Structure formats: structure tokens, C-alpha cells
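Asker: Handing you this structure, nothing more for now.
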Amino acid sequence: EMTREKERGLGMAFLFFVFFLCNRNRLKASREVESVDLPHCHLIKGIEAGSEDIDILPNGLAFFSVGLKFPGLHSFAPDKPGGILMMDLKEEKPRARELRISRGFDLASFNPHGISTFIDNDDTVYLFVVNHPEFKNTVEIFKFEEAENSLLHLKTVKHELLPSVNDITAVGPAHFYATNDHYFSDPFLKYLETYLNLHWANVVYYSPNEVKVVAEGFDSANGINISPDDKYIYVADILAHEIHVLEKHTNMNLTQLKVLELDTLVDNLSIDPSSGDIWVGCHPNGQKLFVYDPNNPPSSEVLRIQNILSEKPTVTTVYANNGSVLQGSSVASVYDGKLLIGTLYHRALYCEL
């Protein structure tokens, strides 16, 4: 058994090596970043091991998904389970606090990835969390109990069409669109799929009575979000350096409208509800992200995209850092002149714009 494990490990290492050799362009392996600083920023206390995704409610309550772990991915706290933190951006000096999660939910194996909130007609707030317990793939649906600062676990969603979930955007109390960043669940097959550039990643619509693939052909579908008018779905294809705009139909099917090409690895997408602008957490250099070297850490980059539906959308670099402050930015969310930047496995930044 041990020799087979070793052989598999060697096989993985070899594939990894060949992958990096052959995919320098997809990873933007030679890209360095020019600093773009924001004057009023500080690191958020209590986030040391990643805040891969952030979602902010209309009342200024921000949710952070923290502590993501993945085979082959660096972690500053490998033995600490993940969690959900909350910050009230309406406070004078907001602090991040961990939300309690109701009994009966397995906290020890909690490994949260993409998150999304949904507010029902009766003002119930639902939090959807992509979870990888023991590196499996589930979507957890919680009810947010504001008075208790806690999450009540309602449901675990597992489905054969959700083999490698990355992110979700909720469109109902148990309804969501999800991205699969790979077609396969098995780590070895994932490497092979990425290495062979199969473009088998997809977007799935999930509801209690219907589950279906609604968009496919992505290199590696990552962040997903919805326009404020609910008409368009935006999908980040991280290794293709693209954002896809898809039109949403009443039967929940999607048709591709356009593709915006960028010069960076686009991770999570957040929407400014007041303007409809898309804020993107990006990785200028994917090789540094996946092969961690503390002396040459991954950089961070935040893009703001205005008028994505127009002929010529405006793309602005709002923040960029070579890793001296913030390593591996994966998400950027705005609320009322405040910007939160999360990372794959490092710290998080709070800025006043």
C-alpha cells in the first residue's frame, strides 16, 4: 500500500512539474506587478490563514469564508478548521468576529470556499457555503440568526453534477448557480484535466426539483455572481484570464453574451449593488500562488470593471501589491466607500476608498 502511495505521489509531482513547464502562460508565470497603493488600509485582525470569499449584505454585514485548505495548496494554519467570520461595516471601527454554528454541524471538517447570501421575501437571510469536508464537495445552506450572531445549519447539498464546486451565487432559499472548476473530483485526474487543457469546467443550476448544466467549455470556472437586476450571470475563468457575461432566462438556462479578456488570473467577482460595477480579486502570477516561496510570495491585484455590457468596458486597477502586504488576493468587495480584500491563504485588508 505504501509503495503505491509513493508511486502516486511521484506521479503527482512529475505531472505538477510538467504542468508548470507547459502552462507558464496560463499561470502568467513571469508576470510581476507594479504597486498601486490605497492610502487608508489596514490588515484585519484575526484573519491569518485566508479569507477566500467575502459577501456583504445591504445592511453592511460582511461575511468572510476563512481557512480554506486544498491538497498542494499552502496553508498558514493546516490543523485549524475553517469558519465564517462577520464584520459590521457600519461600525466606527469594524472588527471581525467568528459566527457560532448550530449544533449537529461537523465543525472539525468545515473547509469553506465560495459563499453567497440570499434574502427571502420575509427578510430571512440565508448563507450558502461551498464546503470541502475531507476534500469532498458539498454546498451548505445556513440561516443567519442576527440576534444570536450565529448560523443555523438547514441543509447539505451533494449532487453528481457538483463534483468540484468552487463558488456559488444564490437565487432562492435553496436555489443557486455553482461553478465547477474541474470536471473530476479526484486530485490526480484534476491535474491531468488541467494539464491537457480539456475545458470541461462548467456552471450548474441547482434547485430542489431540478439540477442541470447551464454553461460549459470553461478552462477553470471560478468566481460567479449575478447583476443587480438579476438579468446576467458573470463567471470568472481563472486560467483563461476571462470574465464571461451570460444572459439568464426564466427557465434558469444561460446563454453567453460576451467575454471580457484580462491579463491576470481572475478569481472571485463581487458586485457593487449601487453601480453594478464588478470588483475582481486577481492573481497576477499563478505560479507563485501554487508554488509558495516566502521570499517571493504571490502578489495581489484588485480590478474594478465598469459598464461590462458596453462595447468598451472600463477596467481600472484599484489596488496592487507585490506580496509585501497582501499575498494572493482572491476577492474584493465594496460597501459604502469601504473595500474589503480577501486572500486564498493569507491575510485580509480593510480600506476606505
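Cβ atoms are placed via backbone N, Cα and C, with glycine included.
Sharing the feature lines straight out of TrEMBL:
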type: ACT_SITE; residues: HIS113; note: active site, proton acceptor
type: BINDING; residues: GLU52, ASP53, ILE115, ASN166, ASP167, ASN222, ASP267, ASN268; note: Ca(2+) binding site
type: DISULFID; residues: CYS41-CYS351; note: disulfide bond
type: CARBOHYD; residues: ASN268; note: N-linked glycosylation site
type: CARBOHYD; residues: ASN322; note: N-linked glycosylation site
type: SIGNAL; residues: 1-29; note: signal peptide
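Let's see these features in context: how buried, what's close, how far.
Answerer: A sphere of 10 angstroms centred on the C-beta of ASN222 (Ca(2+) binding site) encloses 24 other C-beta atoms.
Every protein chain considered, the tally of other Cβ atoms within 10 Å of the Cβ of CYS41 (disulfide bond) stands at 17.
A C-beta separation below 8 Å, combined with a sequence spacing of at least six in one chain, links ASN268 (Ca(2+) binding site) to GLU52, ASP53, ILE54, GLY114, ASP167, ASN222, GLY223, ALA236, VAL280, GLY281, SER330, VAL331, ALA332, GLY342.
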Asker: How many Å lie between the Cα of ILE115 (Ca(2+) binding site) and the Cα of CYS351 (disulfide bond)?
Answerer: 21
Asker: Using a 10 Å cut-off on Cβ-Cβ distances across all protein chains shown, tell me which of the recorded positions (ASN166, ASN322) has the largest neighbour count.
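Answerer: Per the Cβ count within 10 Å, the most buried is ASN166.
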Asker: Express the distance between the Cα positions of HIS113 (active site, proton acceptor) and CYS351 (disulfide bond) as a whole number of Å.
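Answerer: So the Cα of CYS351 (disulfide bond) lies 23 Å away from that of HIS113 (active site, proton acceptor).
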Asker: Which of these recorded positions is closest to CYS351 (disulfide bond) if you go by CA atoms: ASN166, ASP267, ASN322?
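Answerer: Its closest listed neighbour, by Cα, is ASN322.
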Asker: Give the residue from the recorded positions ILE115, CYS351 that has the most other Cβ atoms within 10 Å of its Cβ, counting over every protein chain displayed.
Answerer: ILE115
Asker: Name, in the order they occur in the sequence, the residues of the same chain whose CB lies under 8 A from the CB of ASP267 (Ca(2+) binding site) and which sit 6 or more residues away.
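Answerer: Those within reach of ASP267 (Ca(2+) binding site), by Cβ under 8 Å and sequence separation of 6 or more, are ASN222, GLY223, ALA236, ILE238, VAL280, GLY281, CYS282, HIS283, SER329, SER330, VAL331, LEU344.
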